[in-house]
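Features reported for this protein in Swiss-Prot:
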type: BINDING; residues: Asp115, Asp162, Val205, Asn208, Val210, Gly212; note: Ca(2+) 1 binding site
type: BINDING; residues: Asp154, 191-192, Glu236, 253-258, Asp264, 292-295, Asp306, Tyr308, Ser368; note: substrate binding site
type: BINDING; residues: Asp174, Asp179, Asp181; note: Ca(2+) 2 binding site
type: BINDING; residues: Asp258, Asp301, Glu331; note: Ca(2+) 3 binding site
type: COMPBIAS; residues: 689-699; note: compositional bias 'Pro residues'
type: CARBOHYD; residues: Asn387; note: N-linked glycosylation site
type: CARBOHYD; residues: Asn440; note: N-linked glycosylation site
type: CARBOHYD; residues: Asn553; note: N-linked glycosylation site
type: MOD_RES; residues: Ser776; note: phosphoserine
type: MOD_RES; residues: Ser778; note: phosphoserine
type: REGION; residues: 160-183; note: region 'Disordered'
type: REGION; residues: 673-702; note: region 'Disordered'
type: REGION; residues: 770-797; note: region 'Disordered'
type: REPEAT; residues: 577-620; note: repeat 'FU 1'
Amino acid sequence: MELRPWLFWVVAAAGALVLLVADARGEKVFTNTWAVHIPGGPAVADRVARKHGFLNLGQIFGDYYHFWHRAVTKRSLSPHRLGHNRLQREPQVKWLEQQVAKRRAKRDIYQEPTDPKFPQQWYLSGVTQRDLNVKEAWAQGYTGRGIVVSILDDGIEKNHPDLAGNYDPGASFDVNDQDPDPQPRYTQMNDNRHGTRCAGEVAAVANNGVCGVGVAYNARIGGVRMLDGEVTDAVEARSLGLNPNHIHIYSASWGPEDDGKTVDGPAHLAEEAFFRGVSQGRGGLGSIFVWASGNGGREHDSCNCDGYTNSIYTLSISSATQFGNVPWYSEACSSTLATTYSSGNQNEKQIVTTDLRQKCTESHTGTSAFAPLAAGIIALTLEANKNLTWRDMQHLVVRTSKPAHLNANDWATNGVGRKVSHSYGYGLLDAGAMVALAQNWTTVAPQRKCTIDILTEPKDIGKRLEVRKTVTACLGEPSHITRLEHAQARLTLSYNRRGDLAIHLVSPMGTRSTLLAARPHDYSADGFNDWAFMTTHSWDEDPSGEWVLEIENTSEANNYGTLTKFTLVLYGTAPEGLPTPPESIGCKTLTSSQACVVCEEGFSLHQKNCVQHCPPGFAPQVLDTHYSTENDVEIIRASVCTPCHASCATCQGPAPTDCLSCPSHASLDPVEQTCSRQSQSSRESHQQQPPPPPRPPPAEVATEPRLRADLLPSHLPEVVAGLSCAFIVLVFVTVFLVLQLRSGFSFRGVKVYTMDRGLISYKGLPPEAWQEECPSDSEEDEGRGERTAFIKDQSAL
């Protein structure tokens, strides 16, 4: 018994020695397995294997099987002839081959970066799992290759040794100085280091012996210099819209003043740039805008008063300290989607990245630090699946973010069982989980938007105002939503001290979002003017049901104000196949499968749904329909949208004599109400000759009166207007000619060119005027020639 362990090690050592020798000589290493072709099925293969002392390891594919022989050496430099020849003589065996061990190397196998500062990048992968799980994404082979990221900031030091290898000029521009070079402006205080530091977090080169590594260290990185100068709406829009089909991700760590009293957001051009980015960027998949949530924590600011982070088009990121606490500068709001790491207290580590003047720093901090980390993780995710849309990415973030290790007192479970916080969103980004889920991700259904006006009259806010409204989330319309993504409460209100207000929104599934917390420094009496407070906390909930808006005065003062407008805007999806035709209401009788067979009065049945107006090409008609009940078949008279005759474009019935309008290739007979095809010659003759007068209907045929197209009252105003204009013109011309005849010989005439007959006479100018302007005949002729040439040009145009 004691010899068995020794025997195992001897065999293992012998096998290893065989491999080493074979590798050195370049020889084949034969294994104790065979691939065998045996028609007839697995039972025949099993029988042949047992007959010759083999074990059938299973089917490779088709009639090919994998045989193993325990008595044959596992590794050998020569083939096993005896067993091979026995199998070869078997009639059922059509082909066989002893298997050879092949050397195969994994490509892009993960190796830990060798950069000197990498061990200090605790947030990429740590032993306590308080990290972003970036090394797991690297181990899966994703490093950001093929993805382009642009940092919208104060420039990027493109010649930095840890950035130059990944620098992309196509993702860079200097909007401040209007040139392609984004190099920052150097000052004694290094004020413009922001963009260079952010760039290093995303794509610092790996294994080059400089500084640390970027999250997506094989991604391409660029920068837009747009903050080192006067920032206008045009500057922002141009930066946000730079090369949208080349740049995949835009990272921004800036916004309005974080002073606890500002309410500001993108203006017209920047808002349009956001919309164009998500609708047209990346070939229609949508640009991804990553935004830092804000630095106004000390001022009790709310990032819902920042229109950039509060936008549905941005992926808003917050931060946590090394030990999972809320940083002192962090802002809380319901628009935050997820969190990455940044700095905190003095005894906690900060972020390692590139710095100005080709240096490295270990003390990067603030919102500048955490948004670029998210941009890098998103670059890894896009490499795993380049077909992800901008909304797919937000779905992945919601589904994979981890609330563990993050400390806050406002963690809550929403209506679909996810934990969410105003400080952290759905938790820490998990790079490994995101790339794993992205690889087989199915694109979400197209976005739907449901807009509901809640208020019917202004309401006094007082100490506390509560507005309740039960909604169907646009049921029966194309915008019907069953799975929510973003929800907006667009509010217009006046209040004498805006900072005392706290606003909450409660979803039908009970999720309570803080749209606005009290801001002690906000003394403004401006209120809010159609401001869209956004929440992501009800993601994937069913928005149908009662929504509750709560507005509260948090101070003891007798403040006053009025809520004048409240519009609930829901963004989301509905399951594929859910019927959402226009005006799908008014059904009177439903089948067991919820298909409509009879509509209420004023509605017509169209494709198993009730509509108030039949679509073009259809007309309502009362027909007998057969309705199958459990034990019988009933005949029901119902209004149904029936198709027009093939010759009609629109109609009032299914017959060829029910046409109201015709296709472009046909003309309408106003008497017969039929459409007839026209040849090219007949169309030309109709254009040259006036149409014949309408033929009166035969007197002897008694038919039901029908509204004729040539008697429609809608043409009467046009006829009256035309006759009136003709009469006025006739009177004017008559009076003008009479006056000209009476005074025609007492004034001089000037001939100028016109388009029609070439000459027209302007009369009525006194001779003194000509003498004053034309001191000589030559000057008069010259002036007349110039005017004539001018009028010729104008007439030609």
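Note that Cβ sites are derived from N, Cα and C of the backbone, with glycine treated the same way.
Owing to the predicted nature of the structure, the values given are computational and were not obtained by experimental measurement.
Features recorded in Swiss-Prot, as mapped to the structure shown.
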residue : record                      : Cβ contacts under 8 Å, 6 or more apart
Asp115  : Ca(2+) 1 binding site       : Ala204, Ala206, Asn207, Asn208, Gly209, Val210, Cys211, Gly212, Val213
Asp154  : substrate binding site      : Pro184, Arg185, Asp191, Asn192, Arg193, His194, Gly195, Arg225, Met226, Leu227, Asp228
Asp162  : Ca(2+) 1 binding site       : Gly200, Ala204, Val205, Asn208, Val210, Cys211, Gly212, Thr354, Cys360
Asp179  : Ca(2+) 2 binding site       : Phe173
Glu236  : substrate binding site      : Met226, Pro266, Ala267, Leu269, Ala270, Ala273
Gly255  : substrate binding site      : Trp291, Ala292, Gly294, Asp306, Tyr308, Thr309
Glu331  : Ca(2+) 3 binding site       : Asp258, Ser293, Gly294, Asn295, Gly296, Gly297, Asp301, Ser302, Cys303, Asp306, Ser318
Asn387  : N-linked glycosylation site : Leu285, Thr443
Asn553  : N-linked glycosylation site : Ile461, Gly462, Lys463, Arg464, Asp500, Leu501, Asn559
Calculate the distance in Å between the alpha carbons (Cα) of Asp174 (Ca(2+) 2 binding site) and Asn440 (N-linked glycosylation site), and round it to a whole number.
38
Which secondary structure state does DSSP assign to Glu236 (substrate binding site), in the simple three-class scheme?
helix
Are there any residues in the same chain, six or more apart in sequence, whose C-beta is under 8 angstroms from the C-beta of Asn440 (N-linked glycosylation site), and if so which?
none
Among Asp174, Asp181, Asp301, all listed as binding-site residues, which has the most CB atoms within 10 Å of its CB?
Asp301
Over the repeat 'FU 1' (577-620), what is the model's average pLDDT?
64
Local Cβ density at Asp306 (substrate binding site) - other Cβ atoms counted within 10 Å:
28
Extra residues within 8 Å (Cβ to Cβ centroid of Asp258, Asp301, Glu331), Ca(2+) 3:
Asp259, Gly260, Gly294, Asn295, Gly296, Gly297, Glu299, His300, Ser302, Cys303, Cys305, Asp306, Tyr329
Neighbours of the Ca(2+) 2 site Asp174, Asp179, Asp181: Cβ within 8 Å of the Cβ centroid, same chain, sequence order.
Phe173, Asp177, Gln178, Pro180, Pro182, Gln183, Arg225
Which one of the binding-site residues (Asn208, Asp258) has its C-beta surrounded by the most other C-beta atoms within 10 angstroms?
Asp258
What does DSSP say about Asp179 (Ca(2+) 2 binding site): helix, strand or coil?
strand
Hey, which of the binding-site residues Val205, Val210 is the loneliest by Cβ count within 10 Å?
Val210
Write out, in the order they occur in the sequence, the residues of the chain not among Asp115, Asp162, Val205, Asn208, Val210, Gly212 that have a C-beta within 8 Å of the mean position of the C-beta atoms of the recorded Ca(2+) 1 site.
Lys117, Pro161, Ala204, Ala206, Asn207, Gly209, Cys211, Val213
Give me the count of other Cβ atoms within 10 A of the Cβ belonging to Ser293 (substrate binding site).
35
